[in-house]
Amino acid sequence: MSRSKRDNNFYSVEIGDSTFTVLKRYQNLKPIGSGAQGIVCAAYDAILERNVAIKKLSRPFQNQTHAKRAYRELVLMKCVNHKNIIGLLNVFTPQKSLEEFQDVYIVMELMDANLCQVIQMELDHERMSYLLYQMLCGIKHLHSAGIIHRDLKPSNIVVKSDCTLKILDFGLARTAGTSFMMTPYVVTRYYRAPEVILGMGYKENVDLWSVGCIMGEMVCHKILFPGRDYIDQWNKVIEQLGTPCPEFMKKLQPTVRTYVENRPKYAGYSFEKLFPDVLFPADSEHNKLKASQARDLLSKMLVIDASKRISVDEALQHPYINVWYDPSEAEAPPPKIPDKQLDEREHTIEEWKELIYKEVMDLEERTKNGVIRGQPSPLAQVQQ
């Protein structure tokens with residue numbers, strides 16, 4: 001595309017303290033959220049004749065961590081296509097060359113709210129179990145591609161008014177380190193599993209702890225473990241669930257183990273005490289049964305020792321969830337990730353920038369009428 005023609009395709013609009021320079025097809029931009037990764041606007045796509053969400057990545061080349069995360073997100077969004085993972089519609093940059101390249105805009109399906117808003121509502125068992133079922137389907141699909149999220153939280157899960165749910169991002173790269181001792185809180189970590197905050201090894205069911213925290217918050221309308229830092233969070237976990245057994249302590253790194261073993265010992269509370277009947281809809285025998293099933297599922301997800309925690313497959317077959325089971329959703333074919341070493345890659349910022357630029361150019365080339373060619377369209381799901 002020539003320089004002048006490219007210039008003519010874009011216009012700029014001020015959104016808070018940021019300038020969005022977007023393709024002219026995207027009109028009526030309105031800010032709907034912001035986070036560590038960038039600012040998100042709702043917009044109207046005049047070509048697709050539908051509302052979309054546009055995310056401007058925040059300083060993608062500020063450092064190697066930002067650049068790696070931007071590259072990982074683009075590669076994975078391009079490959080993953082599942083009804084419970086947010087759909088990629090378009091990617092673009094207003095800059096005209098690698099030398100000028102500094103902004104990345106990602107266009108996605110627009111949803112109605114994130115789970116933070118839904119958590120404040122009184123949900124019946126049908127809605128709660130359906131939301132959890134969809135969460136588990138999305139997580140299982142990521143796991144099938146070798147993607148373990150590790151950072152699920154209400155703010156990165158979105159819903160529509162018809163109760164459909166989608167996961168917004170792909171979590172922490174496998175190489176993203178975490179440190180237990182005095183780690184400052186840069187982002188919300190209330191939903192991260194004990195094995196993450198204690199710097200242990202982890203497997204897929206690390207994400208089931210996060211689902212348990214989210215489900216518990218749906219029931220109680222409050223954050224279960226709102227720690228000020230990792231140490232405070234660990235204390236809140238053991239105060240409620242009890243100090244884990246010596247067998248668990250043996251798995252910890254020596255410095256962490258010394259600290260954890262020297263904490264006061266807690267017996268913890270029963271799940272009947274933590275999640276009493278009064279918190280659930282229980283106005284019929286059916287609802288009383290459902291409350292019992294919900295509590296049982298919570299007790300299997302909120303287990304400190306990951307070796308004793310439920311797996312995503314077991315959760316999908318749990319009586320509280322399996323009423324929704326559909327093989328086309330829960331057993332969808334795994335996405336093909338071309339770069340198997342995605343999380344292990346290390347580059348300079350300039351090398352990351354070039355890799356990201358190539359991805360954006362490739363996606364621009366593959367985009368026709370706003371939908372990425374070479375993968376099933378998320379629009380097909382919207383129109384079903």
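Every residue, even glycine, has its Cβ placed from backbone N, Cα and C.
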- Item | Candidate annotated as phosphotyrosine in Swiss-Prot, where the set is Tyr185, Tyr190, Tyr320 | Tyr185
- Annotation match for phosphothreonine in Swiss-Prot, from Thr93, Thr183: Thr183
- Note on the structure: As a whole number of Å, the Cα atom of Ser34 (ATP binding site) is distant from the Cα atom of Asp151 (active site, proton acceptor) by 17
- Task: Give the helix, strand or coil assignment DSSP yields for Gly38 (ATP binding site).
- Result: strand
- Item | Cβ packing number for Ser34 (ATP binding site), 10 Å threshold | 17
- In the structure shown, which of the recorded positions Ile32, Gly38, Val40, Asp151 has the fewest other Cβ atoms within 10 Å? Ile32
